[in-house]
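S.K.: Here's a structure for you.
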2 protein chains.
Amino acid sequence: MKLAELGEFGLIDRIKANVAASPSVLLGIGDDAAALSPTPGQVTLITSDMLLEGVHFDLSFCDPRTLGRKSLSVNLSDVAAMGARPRHFLLGVALPKEIPLEFMDGFMAGMLEQAQRYGATLVGGDTCASKGGLAISVTALGEQRPELVLKRSGAKPGDLICVTGTVGDAAAGLKQLFAGVREGFLVSRQLDPTPRVEAGVALAEAGVVTAMIDVSDGVLQDLGHICEMSGVGARLELARLPLSDAYRAGCGDDLFALALSGGEDYELLFCIPAGKEAEVAALCAKVDLPVSVIGEITAGTGMKLTAPDGSSYTPPRRGFDHFGAD
Amino acid sequence: MKLAELGEFGLIDRIKANVAASPSVLLGIGDDAAALSPTPGQVTLITSDMLLEGVHFDLSFCDPRTLGRKSLSVNLSDVAAMGARPRHFLLGVALPKEIPLEFMDGFMAGMLEQAQRYGATLVGGDTCASKGGLAISVTALGEQRPELVLKRSGAKPGDLICVTGTVGDAAAGLKQLFAGVREGFLVSRQLDPTPRVEAGVALAEAGVVTAMIDVSDGVLQDLGHICEMSGVGARLELARLPLSDAYRAGCGDDLFALALSGGEDYELLFCIPAGKEAEVAALCAKVDLPVSVIGEITAGTGMKLTAPDGSSYTPPRRGFDHFGAD
């Protein structure tokens, strides 16, 4: 069947049929707006991201199910980076008319399986026709007690800088995709990232984190946001960057370039007071996630990068800017 | 200055500088997610709409400021159709690199002036580059006491069907735009609709409305949604449709076609128990908005349209479907 036969409202009904009810959703898909019941004593965390064909994704690189998962994951990652639990989300999708219905079915199956895994309910959105490529917009909502919300702005000189998992994988995976590789660890890290929801919530509830962000634009750029918002500087020891074996094999000539400036790892980058590293490692171990201390927050501004041989390191580029020249 | 010189984060800072603080916003633009403090005892109404260049708007038809206002208005209209007060919104925007910074400044000025007028605060979103046209995604949030929220599903046989303002103007305005007209009442109704926020809230708080929707897809289609969700039918008397003089002059051969199936009037279409029409007229008069009774909810299903001469009327098309053939 084609989308034109099903129609806009047929498509909405088809999506709605696969969404489970949730006690916090008084009114879900199918009215002018959804009605949500906030949990008393908690604040609402809300974030929104657009994903555009030709900019954020290439349909020849991935199947619809994986794209559906990733479109939600990148938003859940932002909720996790606040230390919040995902609760609800909205999906806006602009579809080229020639896209087969099977594409949309696969996309929704991926998105809804990821939603179920992380406790988020689809409550509304928008479907329309696109005269250009596929455009996706997701708005995700989470909740947390106000005193536990983790901002970018609380880092203090002397804090240790930590990152979960490994970095650079997604950027190395993108390089492989452009070279024609379609599977493997790095490719999967690029196409199907895991939002660190359990770790984000555990870190928030332990009360040990002073500032947190997710690695979407690259370690340097995202650490730069923490530094700017906290009014501090940072010293990074490149020898301590957590790099996967696949990354080491596939990253190219400069071992650190993609790990520092490549985006889309969706790991959590955060700061803790010195002495808390064992507690944090134990916390992350509980959710099966390695964590590494990669440097220290410093007074003043600016970032200092130290290579394994002790020399000063200058990265070839800092991170991704949507309106930049490259 | 060009967008590329300002950069993604420079653009975000530029937007942020024009956003006023609000006590319900614990954390606004500039972190991974915004943190909002829900009003105790109220539910959150949330809605999201995409607007795409070449599908929803044509940049040769309107200035950036007007487009900014409309992009927010269509979302505020959905919040109003629930009987809720707008509170916050997020903006996602994908910008072609060649768009001048002045465009974005004008767009934001329009959006923020509309936001201020209706009490909504910009709290976050996403900016990215587009390789196709301009794409806009707005998510709007409102609040209301749960017992006052107006759904599509409460209409009962015997209820009177009401609509605010006049209908068909926006569709007639679009016809004029395609014919080269760039100003006047009808064009302004298409490019710069007024969300009926005060009327929506007043109707909800009076407790007289059984079902409500905004007219975005056309009277027939939107009334059809109320009928479907309420399990009822409807009888419309075309002689009672509120038509502006400008519409009568510019609508073409069939006086009722665009008034019934043209979308984007963003008027409120709602049902009330018989006998409540004077109360509702008084309520709407307080916010300077005319209201008309245009028909009656019937038992069963199906819609019956009666022409002024008493004959049965069949519309040439029902309303807008994004994936439809035309």
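The backbone N, Cα and C atoms fix where each Cβ goes, glycine too.
Please treat TrEMBL annotations as automatic predictions, because they have not gone through curation.
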S.K.: Write down the one residue from A:Asp159, A:Asp169, A:Asp192, A:Asp214 that TrEMBL lists together with A:Asp32, A:Asp78 as binding Mg(2+) 3.
M.R.: A:Asp214
S.K.: Just counting, how many other CB atoms are there within 10 A of the CB of A:Asp126 (Mg(2+) 1 binding site)?
M.R.: 23
S.K.: Pick from A:His56, A:Arg152: which of these binding-site residues has the biggest number of other Cβ atoms within 10 Å of its Cβ?
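M.R.: Counting every other Cβ within 10 Å of each candidate, the maximum falls on A:Arg152.
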S.K.: Just give me the nearest neighbour of A:Ser48 (Mg(2+) 1 binding site) among the binding-site residues A:Gly125, A:Arg152, A:Asp214, Cα to Cα.
M.R.: A:Gly125
S.K.: Just give the helix, strand and coil counts over the domain 'PurM-like N-terminal' (A:30-143), going by DSSP.
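M.R.: Going through the domain 'PurM-like N-terminal' (A:30-143) residue by residue, I get 35 helix, 47 strand, 32 coil.
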S.K.: Please tell me which one of the binding-site residues listed here (A:Asp32, A:Thr47, A:Asp78, A:Asp126) sits closest to A:Glu264 (substrate binding site), measuring Cα to Cα?
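M.R.: Nearest in space to A:Glu264 (substrate binding site), counting only the binding-site residues, is A:Asp78.
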S.K.: Closest of the binding-site residues to A:Asp214 (Mg(2+) 3 binding site), Cα to Cα, picking from A:Asp32, A:His56, A:Gly125?
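M.R.: Comparing Cα positions, the candidate nearest A:Asp214 (Mg(2+) 3 binding site) turns out to be A:His56.
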S.K.: I need the nearest neighbour of A:Gly125 (ATP binding site) among the binding-site residues A:Asp49, A:His56, A:Asp78, using C-alpha distances.
M.R.: A:Asp49
S.K.: Please give me the binding-site residues out of A:His56, A:Asp126, A:Arg152, A:Asp217 that lie within 10 Å of A:Asp78 (Mg(2+) 4 binding site), comparing Cα atoms only.
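M.R.: None, since no candidate lies within 10 Å.
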